[in-house]
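I have placed the structure first, in the form of structure tokens, so that the comments after it can refer back to it.
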Ligand SMILES: C[C@@](CO)(OP(=O)(O)O)[C@H](O)COP(=O)(O)OP(=O)(O)OC[C@H]1O[C@@H](n2ccc(N)nc2=O)[C@H](O)[C@@H]1O
Ligand SMILES: Nc1ncnc2c1ncn2[C@@H]1O[C@H](COP(=O)(O)OP(=O)(O)O)[C@@H](O)[C@H]1O
């Protein structure tokens, strides 16, 4: 069998409202998630042994372990469990993860890797369509949206998904200042300050956003409720946001997820790439990770 390969794309929360808290401590969200061309690559080859295995490669593989805690191997285990008794007898998979996305950075890299592994394993084992979506939420709140990997409104804790209305063509620049941020610690900070901002229910336009201006007019009515808490923990995020807002041709900027990656929107991928070159020339951006290109359709 030829190896199977798929991309685990970066998820960006264009806005993120925390609307409530469940009894188990998980927060209810309302968020518009889109995916960028940036991503990790996962490859699956048939293996002869009886254990699934993982090897790590790429610029952000250092600091990650290829052990049972890695979300790629956790995905394989969760999928076998979901399948039931026959899950244990399915052929072993040799998985290879090429890590290009910064770890613990608010763009769901680990969740995207898990979702990507689920998609590949479901193809490898020729599983029915509902099997990977059943395993996804057991791996993390962001894994279901990463399985879909298309612009989506996320509600509940990330388990209620609705396809987003049509989005305009745009370019995106992602910038991470090289600090990792733990998602639970940012939700804890939010909870400690009372957390929930009361707001009227938000409605998305049924016909979508025909232009970037119309999308930005909508985003201007929203926030990322986790952003102030992430800045309080890692003040360098505020510096990233200042730099993004000052870039040529920038139309909008904000932090994604629980941070620290921030994004800026542009009329085109070319303009995003030109702004990335401009930023890379600044002293403050030394050691910052960035990626610029298209938002996936
Ligand atoms: C904040 C978001 C927004 O898309 O993105 P990231 O910053 O991780 O990219 C996600 O909700 C993150 O999803 P994910 O990273 O999969 O979270 P999980 O592993 O399930 O949960 C980690 C911890 O975050 C908190 N958590 C997570 C999701 C949620 N809806 N409410 C929460 O309170 C809980 O404390 C939980 O124990
Ligand atoms: N394949 C993986 N890639 C990234 N992180 C992983 C992976 N497997 C396990 N993890 C763990 O998951 C945590 C969350 O990682 P990640 O998904 O990158 O965060 P975020 O959703 O904030 O971008 C990290 O602290 C990391 O230790």
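Residue numbering: from 1, along the chain as shown.
Just so you know, glycine gets a Cβ as well, placed from its N, Cα and C.
Just so you know, TrEMBL annotations never went through curation; they're auto-generated.
Here the structure is a predicted model, which means the values were calculated and not measured.
Other C-beta atoms found within 10 angstroms of the C-beta of residue 11 (active site) number 27, with every protein chain shown included. Residues or ranges marked as active site in TrEMBL: 11 (among others).
The annotation active site is assigned in TrEMBL to 142 (among others). According to DSSP, residue 142 (active site) sits in a coil region rather than a helix or strand. Of all Cβ atoms in the protein chains displayed, 27 besides its own lie within 10 Å of the Cβ of residue 142 (active site).
Here TrEMBL flags 102, 103, 104, 105, 106, 107, 108, 109, 110, 111, 112 as ATP binding site. Within the same chain, residues at least six positions away from residue 102 (ATP binding site) with a Cβ under 8 Å of its Cβ are 60, 109, 176, 178, 180, 261, 289. Under the three-state DSSP scheme, residue 102 (ATP binding site) falls in the coil class.
Residues annotated as domain 'GHMP kinase N-terminal' in TrEMBL: 70-148.
Here TrEMBL flags 222-279 as domain 'GHMP kinase C-terminal'.
Among the recorded positions listed (11, 102, 110, 112), 110 have a CB atom closer than 6 Å to some atom of ligand 2, in sequence order. The binding-site residues under consideration are 104, 112. Their Cβ neighbour counts within 10 Å are lowest for 104. Annotation for the binding-site residues 106, 108, 110: lowest Cβ count within 10 Å of the residue's own Cβ, 110.
Reduced to three states, the DSSP call for residue 108 (ATP binding site) is coil.
Checking the recorded positions 104, 108, 142 against ligand 1, the ones with a C-beta less than 6 Å from an atom of that molecule are 108, 142. A straight line from the CA of residue 110 (ATP binding site) to the CA of residue 142 (active site) spans 9 Å.
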